Amino acid sequence: SDDYVKARVMFKEEQISEFKMAFDMFDEDGGGDISTKELGTIMKRLGMSISREELQQMIDEVDEDASGTIDFEEFLEMMARAMQDSEREIPDDELRAAFRVLDKNGDGFIDKDEFRALASECAGDDLTDDELLEFMMDYDGNRDGRFDYEEWKEIIQELKVRW
């Protein structure tokens, strides 16, 4: 379809290979399609957070034959749509609100424990302490072991650029 061609152009070959590997992991019978239930898991593994409602809406948009399964072409179209949605600018008030939610103790910083809770939610328990510390050091500009709002904002912008 035209959407598939647009998706192929939008992604680098390396990204398409990553998507294909993730897709194939869940295509257990090798039939070339996966159930819609497994899609949420794949998208999480690829670092995309998406609500159940958003996922269902995306599935409805690409599952043209209403089979309840998604083939790789439909999956790639879906990933392209998800990426385009994620490119919208996040208003500062939304970023500040998210920061306040994550700053559980209200001290104006996201410390290691608060960040660990977020990372566990996003990546499961797959993240080791070393990986967590390495990530924190990459973005902790003043090396105080925690993120202030500006550092947090930089993380969000960087993650959006990666995807």
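Keep in mind that glycine also has a Cβ here, set from the backbone N, Cα and C atoms.
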Point to revise | Residue from K6, K20 to which Swiss-Prot assigns N6,N6-dimethyllysine | key: K20
Check your understanding: For D103 (Ca(2+) 3 binding site) and E38 (Ca(2+) 1 binding site), what Cα-Cα distance in Å is obtained after rounding to a whole number?
Key -> 32
Exercise for review: On the DSSP side of things, how many residues of the domain 'EF-hand 4' (127-162) fall into helix, strand and coil, could you say?
Suggested key: 25 helix, 2 strand, 9 coil
Review point. Hey, what's the Cβ neighbour count for K20 (N6-methyllysine) at 10 Å?
Key: 14
Check your understanding: Which residue, out of the binding-site residues D27, D29, E38, D103, shows the minimum number of other Cβ atoms inside 10 Å of its Cβ in this structure?
Key -> D29
